[in-house]
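*Asks:* One structure, as structure tokens, below. Some questions next.
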Amino acid sequence: MTSTGKDGGGAQHAQYVGPYRLEKTLGKGQTGLVKLGIHCVTCQKVAIKIVNREKLSESVLMKVEREIAILKLIEHPHVLKLHDVYENKKYLYLVLEHVSGGELFDYLVKKGRLTPKEARKFFRQIISALDFCHSHSICHRDLKPENLLLDERNNIRIADFGMASLQVGDSLLETSCGSPHYACPEVIRGEKYDGRKADVWSCGVILFALLVGALPFDDDNLRQLLEKVKRGVFHMPHFIPPDCQSLLRGMIEVDAARRLTLEHIQKHIWYIGGKNEPEPEQPIPRKVQIRSLPSLEDIDPDVLDSMHSLGCFRDRNKLLQDLLSEEENQEKMIYFLLLDRKERYPSHEDEDLPPRNEIDPPRKRVDSPMLNRHGKRRPERKSMEVLSVTDGGSPVPARRAIEMAQHGQRSRSISGASSGLSTSPLSSPRVTPHPSPRGSPLPTPKGTPVHTPKESPAGTPNPTPPSSPSVGGVPWRTRLNSIKNSFLGSPRFHRRKLQVPTPEEMSNLTPESSPELAKKSWFGNFINLEKEEQIFVVIKDKPLSSIKADIVHAFLSIPSLSHSVISQTSFRAEYKATGGPAVFQKPVKFQVDITYTEGGEAQKENGIYSVTFTLLSGPSRRFKRVVETIQAQLLSTHDQPSAQHLSDTTNCMEVMTGRLSKCGTPLSNFFDVIKQLFSDEKNGQAAQAPSTPAKRSAHGPLGDSAAAGPGGDTEYPMGKDMAKMGPPAARREQP
């Protein structure tokens, strides 16, 4: 990795992997840290996954190599692309496609359950990409909304092929992996299984989640959850279209032999859709000419290494025998697919490199001398047209640059074993900025991460490498976590709260100061959540004490809403629906501020006040409905609720002041007391706040029951079998 900067105070540093400048941290996965990379010339954005070779076991590194080989096999518009691979002795860098829309999981949390039309769009794209993978004998085995990303146009990208496997012919898979919420019964039971059938089950669970906003199988107790999955009994909500219900039952089928195939799914009436909808995506043809390989010298070494890392071709002698066979077979098809990818996208040394001055910089994993289609070896590409620098940062003549390259500065490492001492990818000596083609230095964008390496006593930089994604440095603990994660996958990812890292966490290059990022998957921070959502309500001819009392009145009349007082004119509230699963239900947190619009302080008894509602976190749609309910009470011409409303909202309450100590006291008197408290506070008297009511009304302005949230949706019972639940009566279709 290269670090460039300017001497003197306020120096800015930039870390590079090849031509890509590293910026903010996007997330932390199971095997490495993921950072945003920007090309120093084209400004292309990529996601760079940094894998620490020294802190991961050999089996985990083999999984990373297998993921690289699988991503080379797949070229599909709805599969995340692998651009390049860089490496040095200590680190491996995967340069992946960057998408800005975030995870489908976060989209579902923010928007709630989707309309059948939007769900069909996403589902078609998932099936199209999965069909392409299966046609190349690749099974994903870890499909879930967290691993489905969205680009800027809300199109799907399937990501994270770390659990993927190559299933050749009629062979079956044995490894139990994935998340238990999306895993099929045969995987849960530990039986041999067909990876293609397992992916179909996972797609059925995902489709159910898109349409319902909840999972068909859910339980806080893992043992109970696994039993539910093995039984395969789930509740089918009434609002799902009948055609889609039959599709879901065919995909979420316990008997793998009766489970629908991708071919049947693509012919299903719901998948095809109506006349006014676009046609389903057609399969992408990919024809590769399979020819005979006369001898071992005709076999490309890079392709052979990639096939060996796939896992199912570990017997190298048998693989070579199959490749040299005159008959067409699966091995030859995969070989020529990888060879075709290598010939169409050759990996050569970079030419647009920034200045670098390191002992062991990241080197691009380039192609070895390979055979062309005519059986002749291509000359090895030796491009040395890159500006080199001395220790002081001055340019080096071209001849000396070539000499430095001959001493290992730009070795073509294929296996990853490179000479020289290990250097952290996150620190290196200062050098001058690399000039752009026009002669001016490249501007450093605002917000570029700054990292200043500490000086050792000898005056050499002390590298601070990123910590390993594994827990601790104990080998047995690493192995234990690997075994656990291989089966459970990410069982809590579907329950995690959407966390936005602080600016310090985003700019820091080491994950030690970013513990919250470890809870997110690789690409969980692609989506931009910095935009604030505010709603303003203007109130005239009401004193401040009355407005504050009305706000508290509205808070207490909404079931499952709690609040706290921040200051004289500010409140913080949280709406959290009770009785439903926490899968896609996120609490709404917001702040309420009261400001006087005609002066600095509210000194007048009556005037014009502005009440500002600011969304802090949670679904915006539910936030708007909560605010609409509060706004209706604030703008009401009557200070007191109607008699009918009072009869519906009468509760047993106690107030700390002792003014209300008997059950059955009307709520109107209760809020008169609140107004009096605020009035006393304004006059300088010590006010005592009433305690929270011990019981909330079962009827409120948001719905017919406490279980109905601002969205008007009846929540599913938590921890109860979905099969025992009757059809939701209060749930209504989305607009």
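Just so it is clear, glycine is given a Cβ too, placed from its N, Cα and C backbone atoms.
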*Asks:* According to Swiss-Prot, which residue out of Thr175, Thr390, Thr637, Thr649 bears the annotation phosphothreonine?
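*Replies:* When Swiss-Prot is consulted, phosphothreonine appears for Thr175.
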*Asks:* Can you dig through Swiss-Prot and tell me which residue of Ser428, Ser436, Ser490 is labelled phosphoserine?
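*Replies:* In Swiss-Prot, Ser428 carries the phosphoserine label; others show none in the record.
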*Asks:* Considering the residues Ser394, Ser440, which is the one that Swiss-Prot annotates as phosphoserine?
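*Replies:* Record annotation (Swiss-Prot, phosphoserine): Ser394.
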*Asks:* For the set Ser176, Ser482, Ser513, Ser697, say which residue Swiss-Prot annotates with phosphoserine.
*Replies:* Ser513
*Asks:* With Swiss-Prot open, pick whichever of Ser179, Ser514 is annotated phosphoserine.
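*Replies:* Of Ser179, Ser514, Swiss-Prot lists Ser514 as: phosphoserine.
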*Asks:* How many neighbouring Cβ atoms, not counting its own, are there within 10 Å of the Cβ of Leu26 (ATP binding site)?
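*Replies:* Result for Leu26 (ATP binding site): 25 other Cβ atoms within 10 Å.
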*Asks:* Since the record lists Gln30, Thr175 as recorded positions, which of them has the fewest other Cβ atoms within 10 Å of its Cβ?
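*Replies:* Per-residue Cβ counts within 10 Å for the recorded positions Gln30, Thr175 bottom out at Thr175.
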*Asks:* Among all the protein chains here, how many other CB atoms are within 10 A of the CB of Ser295 (phosphoserine)?
*Replies:* 7
*Asks:* Could you work out which of the recorded positions (Lys28, Gly32, Val34, Thr261) has its C-beta surrounded by the smallest number of other C-beta atoms within 10 A?
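*Replies:* Each of the recorded positions Lys28, Gly32, Val34, Thr261 was scored; lowest Cβ tally within 10 Å is Thr261.
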*Asks:* For the ATP site made of Leu26, Gly27, Lys28, Gly29, Gln30, Thr31, Gly32, Leu33, Val34, Lys49, how many Å separate the two farthest Cα atoms?
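*Replies:* So the binding residues stretch over 14 Å, Cα to Cα.
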*Asks:* Quick one: pull the CA-CA distance for Gly32 (ATP binding site) versus Ser295 (phosphoserine), whole Å only.
*Replies:* 39
